[in-house]
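As recorded in TrEMBL, the features of this protein are as follows:
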- 2-179: domain 'Porphobilinogen deaminase N-terminal' (DOMAIN)
- 192-266: domain 'Porphobilinogen deaminase C-terminal' (DOMAIN)
Amino acid sequence: VAMSTTGDKILDTALSKIGEKSLFTKELENALERNEVDLVVHSLKDLPTSLPPGFTIGAVCKRENPLDAVVFHPKNCGKTLSLLPEKSVIGTSSLRRAAQLKKKFPHLEFRDIRGNLNTRLKKLDEKEDFSAIILAAAGLKRMGWENRIGQLLGPEDCLYAVGQGALAVEVRAKDQEILNMVSALHDADTVLCCIAERAFMKHLEGGCSVPVAVNTLLKDGQLYLTGAVYSLDGSDSLKETMQTGVSYPHQNEDGPNDDAQHVGITAKNVPGQAQEAAENLGVELASLLLSKGAKHILSVARQLNDAR
C-alpha cells in the first residue's frame, strides 16, 4: 500500500520550519492504528525518538552506507566541494549538514532544497541554481542512482543523522504475531548502533530543528559513539566520543521484560544487556555534552531557526 505523508506534500517549506515531529510517519501510523495495515516501513531517521503509545519498531534492517553524499551539477563533474569556485551554491534542507559544511567549506553558500530524490536531482540538473546538492548515500543507492555520487563525506567532513541509512519496520506493540514475524529482519549490529544514537538524541532533546550529528562504530564487541551539536552557522560546536562493551550472551528473558523497548525499538533477538549498554552509552554521551554547554548551543540554534 503506497501512501504519501505531510512531509511529502509540503514542499515549499524547510523541514526544520514545519515543526511537526512525525512529518513522514503520521499518516502511516494512522493506518496502522486503524488496522488497515499490519506493518509500516520508514527510514529510521524520520522516526521520532519517542513513538506514539501502542507502537514499536519491530525491526531495524541492516544499515546501508550511513554517510552523506555530494551530487554535482553535470558541469562540475569530477570536482569535490573544496574545488568548487567561491560562492558556489549547495542545496540541502538539513540544518545538520549545512552547519558542519559551512564551517568546513566557508567559501560555499548553502540554500534549502526540498522534494523527493527525483525532484531534487531534476532541480539540480535542469537549472543553474545549484552547483551541487547533499543527499544521503543510502537513498541514492536504494534507488539505483549510486553512479550520481560525486563525493562521499566521511566523518571528518560531516557526521551523519541519527539512524541514517537504516530502515525501520513499525508495528503495533501488542501484535505479538507480527512482532515475532518481523523480528527476523533485525540486524543486531545496526540495532545496537541505532539504540545508542537515538538515546543520545533523545537525552539532548534534539530533533529536526537543531543540528545534532553522530558517527558509530561497532568493532570487537566495543561500541564507539561520536556525537556532536552545532550552532546553525557551525561556528560553535561540541563533539565527543565514548565507548562501551556490548558482547553479552543471549539469555532467554522470559516474563515481563520480554518486550522491553529501548528508545522505541523492540529487539527480542538481541541480548537485553547489550541493548541497555547501548542506550546508556547514548545517554552518557549526551550528558557529557550537556555538562559542557550543549543546551545553550541547541536552544540558540532553535531560536534562530524559529526566527528565520
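Cβ coordinates come from backbone N, Cα and C, glycine included.
TrEMBL does not curate its annotations; it predicts them automatically.
Taken through DSSP, the domain 'Porphobilinogen deaminase C-terminal' (192-266) splits into 17 helix, 30 strand, 28 coil. Averaged across the domain 'Porphobilinogen deaminase C-terminal' (192-266), pLDDT in this predicted model comes to 89.
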